[in-house]
Amino acid sequence: DLEKRRRSLTGEVLSFALPVLGACLVEPVLTLIDTWFVGNMLSVAASGIGLAALAANCALFNLITTSLSFFCTATTGVVAREIAKDDAAAGKALVNGLFLSTSVGATICALLLIFRNAVLVKGFYVSPETLATSSAYLSIRALSVPAALANYVGTGACLGCGDTTTPLYSIGAAVLTNLFGDWFFICVLKMGVSGAAAATALSSYVGAGVAIVVLSTKLKVRWSSRIPKVKELLPFLQISGALLVSSVLAGLTYSGTTRVVNSSGSVMESAAHQIGLQTWWFLSYFATPLALAAQSIAPRELAEGRPSIAKSLTNRIIVMSLTVACGVGVTNWALPTFVPAMFTQDAAVAKTLQSVTLKAMVAQVLITVGSVLDGVYIGTGRLRQYLFAGVSSTIVAWTMLYYGVGLQGAWTALVCLGLSRTLVNVGGLPRLYHKLWLLQSGKEKWQ
């Protein structure tokens, strides 16, 4: 039985990972589409300003969505527990999650609209040359935050129900809406960068709406105007502090690279960084499904007294992570090297981007492996190791950002982030394998 279970691991990981990948790629795909339209459908002069404006805004919204991605994890656990009772209980959990996420999203939206110029200038060193364009984009894109967080809840509810197909419908609807919206608002209505923001906001609501409509039918949700009680929201708030801390640190680090680049005052470097970081961010999500698979499968195997299967799962996922890391790393290097006009018609911006492609490739490979190992440690209950790797690598990256200058300094910091994260996590593997051996030999019990 153990051997049969061991042979089925690869198929189980892939069946879990592929649908989840689609759900994870919603935000980065929408951003990449905006980047392509702004870089290619505007004039050369306007595209440079537009890409620089996108850089600061995307760093800001990446920070928000990354820091609050725990809504997906929390909803998955709550819905999975409630659906064991009945569909109505799971439906109620979905409603509570949507109330909490949209309330947080609406609050963030209001704050962004009120303090938009201060956030852009003081938080991301946006230059006077691009401030008006950046502010116009933020004013519209801010409206998408409630929908983006609702989409996390919808995705988490789907996974909690064992539904891995609805997230694919959701992302498909969002991507098609964004493609049409960018074409219509930018090419037809000539709205420029503001059109890209409008398309993204609209597509976020369409994607979240698809998931919610499907789940409403499946779980027979009863909608009401009643505000949930605090005790009904507690399950969503009782998440691991380590998960929240790590997600916030990651978001601050990525947004910090944009701050460093913008501090140089070069619109060319800001535009190049927008393309490079969004490509890097998009490709980094290919590691997420493997990390989530480890978090989902490993605890179940350990709880059922099969530490040898958990060890085999760890080995299998590490090998998969190396394969994925090589693939996304080469892709990150190849796109700006061989297809420089993919995201911009400005030859100077493309050349500036090519100056950091090697660093981007190395950072991509390292952070992919490090992120998957994060998932392995979470799944096997070694949260201290996970938190130590996250905090220590962030300190290294922030140190490099503090002393770094411009585009080169930002990407050197990302290389150091990936290197330190991976080294610390690899260094923890002997202790992990020893722990699994103790469990297998019966000298310790899984708690």
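Numbering starts at 1 and runs along the chain as it is shown here.
Placed from the backbone N, Cα and C atoms, the Cβ positions cover glycine too.
Quick look at what TrEMBL lists:
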- 12-33: transmembrane segment (TRANSMEM)
- 45-72: transmembrane segment (TRANSMEM)
- 93-115: transmembrane segment (TRANSMEM)
- 135-154: transmembrane segment (TRANSMEM)
- 166-186: transmembrane segment (TRANSMEM)
- 192-215: transmembrane segment (TRANSMEM)
- 236-255: transmembrane segment (TRANSMEM)
- 275-297: transmembrane segment (TRANSMEM)
- 317-335: transmembrane segment (TRANSMEM)
- 361-379: transmembrane segment (TRANSMEM)
- 386-405: transmembrane segment (TRANSMEM)
Pairs of Cβ atoms less than 8 Å apart decide it: which stretch in 45-72, 135-154, 166-186, 192-215 has the most with the transmembrane segment (12-33)? 166-186
Residues of the same chain, at least six outside the transmembrane segment (135-154), with any C-beta under 8 angstroms of its C-beta? 26-27, 53-54, 57, 60-61, 64-65, 68-69, 71-72, 75, 94, 97-98, 100-102, 104-106, 108-109, 112-113, 116-117, 119-120, 166-167, 170, 193-194, 196-198, 200-201, 204-205, 207-208, 211-212, 215
What stretch, picked from 45-72, 93-115, 317-335, 361-379, has the most CB pairs under 8 A with the transmembrane segment (275-297)? 361-379
Given the transmembrane segment (361-379), its same-chain partners at Cβ distance under 8 Å and 6+ residues beyond its ends are 243, 246, 280, 283-284, 286-288, 290-299, 310, 314, 317-318, 320-322, 324-326, 328-330, 332-333, 385-386, 389-390, 393, 411, 414-415, 417-419, 421-422, 425-426, 428-429, 432
